[in-house]
């Protein structure tokens, strides 16, 4: 009996020693890691700090990191970016939300720092290397996108000019995808001029100037899209999205790897609803996207562009032809609409659509207000 008790005590003692040895070993490894970080000229971020964790109203936990498949929607303003993001927002698994406005500004600053040799030298000398800046940009952009709206399985950002930085963003977020909204530049320019959408660098009193600036902006974005590659960047033609919404959205969701939902065809029914489409009262497209997809804005520009500009169109905006638009057609033949779009258009012309309760009375009061976008050099 005494021998048996001794064996039990001996076994318990050995187990205790083993546990203490394991704990001591773990502490030694942790101390080494800390000391290595202290000796290193740059501290290392712990892996768990690289993820954002958010809990939705449904008590589901969402984890976001640099490897997540973010969606970036952009293009020249007045090219259908708001319609595109509203359609995506209608999907139960996607959240885009309003324009952040700050992301394209920060991207422009980052680009300016890298372009200036003197500034880059100063930053490098101060230890603010490209690696440091990129890590900060990555964290900042992810934080803004994730926290400016409700969490969702798939996050999307819509700031028109972000797609001037598609190559850089694809480096920060390697699994991200991009939707470049493309629209007939004549329609985009007519819309920004008549709706007084101020964009830095665009002279809204001149069709010629605005078309020249449109050409420069879409040229940069299209080149970035091509460089990123067809597997990651999809040009989406506004006209085709409006004429054939079901066909276009099936292609878009397939490209994004997102399952089909009929809700994307009826974004107007989900405006202002929980988990639906949130609209900003200060974005100039809001009064249009509360309506079902319709033909109202497709060819409004015809007959309004000055004759000398129409005559020189191919030289002023060569990107029109490159994107497949006929610079001399007034109006071009964009194609025949689906029956549902014809029906929607008839409803809109009769005023047969609902204004969300939170926006009622707003459009009458603010119809003459302006909205601005940050352009870039």
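Cβ from N, Cα, C; glycine included.
Database features, via Swiss-Prot:
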type	residues	note
TOPO_DOM	1-8	topological domain 'Cytoplasmic'
TOPO_DOM	26-377	topological domain 'Lumenal'
BINDING	78-82, 183, 191, 195, 238, 285-294, 300	3'-phosphoadenylyl sulfate binding site
DISULFID	96-156	disulfide bond
ACT_SITE	99	active site, proton donor/acceptor
REGION	101-105	region 'Interaction with peptide substrate'
SITE	158	site 'Transition state stabilizer'
DISULFID	225-233	disulfide bond
SITE	285	site 'Transition state stabilizer'
CARBOHYD	343	N-linked glycosylation site
CARBOHYD	368	N-linked glycosylation site
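Here the features listed in Swiss-Prot are placed on the structure.
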residue: 78; record: 3'-phosphoadenylyl sulfate binding site; contacts (Cβ under 8 Å, 6+ apart): 183, 187, 188, 189, 191, 192, 195, 197, 285
residue: 81; record: 3'-phosphoadenylyl sulfate binding site; contacts (Cβ under 8 Å, 6+ apart): 73, 74, 75, 158, 160, 181, 285
residue: 96; record: disulfide bond; contacts (Cβ under 8 Å, 6+ apart): 71, 73, 85, 86, 88, 89, 149, 155, 156, 157, 158
residue: 225; record: disulfide bond; contacts (Cβ under 8 Å, 6+ apart): 163, 166, 178, 180, 233, 235
residue: 288; record: 3'-phosphoadenylyl sulfate binding site; contacts (Cβ under 8 Å, 6+ apart): 82, 83, 297
residue: 291; record: 3'-phosphoadenylyl sulfate binding site; contacts (Cβ under 8 Å, 6+ apart): 268, 344, 348, 353
residue: 343; record: N-linked glycosylation site; contacts (Cβ under 8 Å, 6+ apart): none
Sequence-remote partners of the region 'Interaction with peptide substrate' (101-105) [C-beta within less than 8 Å, at least six residues beyond its ends]: 141, 144-145, 157, 159-162, 164-165, 374, 376
Cα-to-Cα gap, residue 294 (3'-phosphoadenylyl sulfate binding site) vs residue 99 (active site, proton donor/acceptor), nearest whole Å: 23
The region 'Interaction with peptide substrate' (101-105) - residue tally per DSSP class, helix then strand then coil: 4 helix, 0 strand, 1 coil
Residue 233 (disulfide bond), number of other Cβ atoms within 10 Å: 24
Taken over the topological domain 'Cytoplasmic' (1-8), the model's mean pLDDT: 54
For residue 288 (3'-phosphoadenylyl sulfate binding site): DSSP state (helix, strand, coil): helix
Residues near the residue listed as 'active site, proton donor/acceptor' in space but at least six apart in sequence (CB under 8 A): 158, 159, 160, 280, 283
